[in-house]
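Trainee: Just dropping this structure here.
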Amino acid sequence: MCGIVGYVGHRPARDIVVDALRRMEYRGYDSAGIALIDGNGGLTVRRRAGRLANLEATLAETDSNDGDGLGGSTGLGHTRWATHGRPTDRNAHPHRDAAGKIAVVHNGIIENFAPLRAELEAAGVEFASDTDTEVAVHLVARQYTQGDTAGDFPASVLAVLQRLEGHFTLVFASADDPGTIVAARRSTPLVLGIGDGEMFVGSDVAAFIEHTRDAVELGQDQAVVLTADGYRITDFAGNDHLEAGRDFREFHIDWDLNAAEKGGYDYFMLKEIAEQPSAVADTLLGHFDKNRIVLDEQRLSDQELREIDKVFIVACGTAYHSGLLAKYAIEHWTRLPVEVELASEFRYRDPVLDRSTLVIAISQSGETADTLEAVRHAKTQKAKVLAICNTNGSQIPREADAVLYTRAGPEIGVAATKTFLAQIAANYLVGLALAQARGTKYPDEVAREYRELEAMPDLIKRVLAGMDSVAALAERFAPSSTVLFLGRHVGYPVALEGALKLKELAYMHAEGFAAGELKHGPIALIDENLPVIVVMPSPKNAAMLHAKLLSNIREIQARGAVTVVIAEEDDDTVRPYADHLIEIPSVSTLFQPLLSTIPLQVFAAGVARARGYDVDKPRNLAKSVTVE
């Protein structure tokens, strides 16, 4: 998500930090900032909302006025992707303590920031921003001046780290200790660059690849103290018994800058597919507490949720497919009727809306023109509108009554991947919140469903680890002119999404069908050697859909088609009928799409690459569709 850089050494930090921020612009951001510490104990912070050019203009203005404060050989930099607080100058990083002595930059979410902020405010601390980040710098300042580690900057940071909950990377610098940077990570990435008489720290190696190729990747719940002469890695308690190779990884970077931005992958899309475990985990983070779904930021009370008597979901493209999946979950958990509508069609058919209607508008960018117009139409009919969006401060959340942000981070590839899985997770959170408020699920039932959802990131990692065979299948079927996708129940929207991905990336004719419709026309398309990809329901499915889809597969094979079947790993009955079998872990029916989608993403990217197309920038498509 956010881009972080830190430098301590013998050269002027300003240009090094700004250049590093420029190299990390590919990550996406809505504001940028820099903190510089000079040898005289001065800390200067400059930050601006908008593009990096805005920050550079501010730095140039400082130069023209007096030029003071922008020297020094220790610096921090940050490009922000907003999660707490709107994208404004005051919410941009770095943040400082009240005395202006300590600066911090942060990526991730401090889950327990609300009670920590209340504690600090009760002690008289005044906050200058709406962010969770500012809590960390005030806690360190108090620990440094009043705590049992007073006067010891690194020890004060470690003491505070032990109080923080969530997923985060934090990097601190202090004017009282100008040659030192203290950094830490929990779940979000952090790498060090080892130079000659200088050290770097960053969200990824793009931050320092022009200066050094020797790097260290920190492990989970580890901190590092950096000086120009070297580094010391500890756990959050300060223990330094850690060993390279076992607890953290030392490596040499062989990539060029272009590859570094993509994390060593050939395309951003492949990198983003690999980031799906963290996209889902981050979207769920902080939304379950004391056996309850907690959606504080969405701004709809339990009473308002109880008054809902029908739900409409409006979206376009991949987001529409996530809405189709949400229908199954919300209806099952809440017993509310749910309609899913293409946003481009919604307002042209005079849908029946009123004050008891909840309209869920799903948009990755928050700027999708058709979805925005659907939101405006719903508002004129007095319906309540909940936006599910990946971009803080965008137009759709601003006009909606409530918002639930996915936390997938910037998605550079035009074809949606990690934002799709994050949308599914967010949709399911809404469904569980509705069930909880309406009493259609007991608290222990809500908790059980959430715990299975919470377990999905680890299962997604397992699926990703087995994708080599899918890449090989993509090579084999790249010359095909048509591919069909079949599914039942939640497998049907997955089939639609698989077909869309293949159209977008490989410019190939692809269609997704509900398998029960096969006899009603699509079976006429089946001929010799046609690839048909089948998303198999669980053999434990109570509706007997597994047996019905087995029958469909036999019909397809009888006509000479080649079957590629995505099935759960304990599904032995499907093996004789699959020409190619892709196995995924066994999960409850509603959660299977979070796993079965992944092979289809990898397949589409592989076919596109084999056909010589740009996976990240398919022709005629844009990431954000801002015209109707």
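Keep in mind that glycine also has a Cβ here, set from the backbone N, Cα and C atoms.
Got these off Swiss-Prot a minute ago, pasting:
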ACT_SITE  Cys2  active site, nucleophile
DOMAIN    2-229  domain 'Glutamine amidotransferase type-2'
REGION    61-94  region 'Disordered'
DOMAIN    301-440  domain 'SIS 1'
DOMAIN    473-618  domain 'SIS 2'
ACT_SITE  Lys623  active site, for Fru-6P isomerization activity
Trainee: What's the number of neighbouring CB atoms sitting within 10 A of the CB on the residue listed as 'active site, nucleophile'?
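Mentor: The residue listed as 'active site, nucleophile': 27 neighbouring Cβ atoms within 10 Å.
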Trainee: In the three-state scheme derived from DSSP, which category covers the residue listed as 'active site, nucleophile'?
Mentor: coil
Trainee: To what whole number does the mean pLDDT across the domain 'Glutamine amidotransferase type-2' (2-229) round?
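Mentor: Looking only at the domain 'Glutamine amidotransferase type-2' (2-229), pLDDT averages out to 92.
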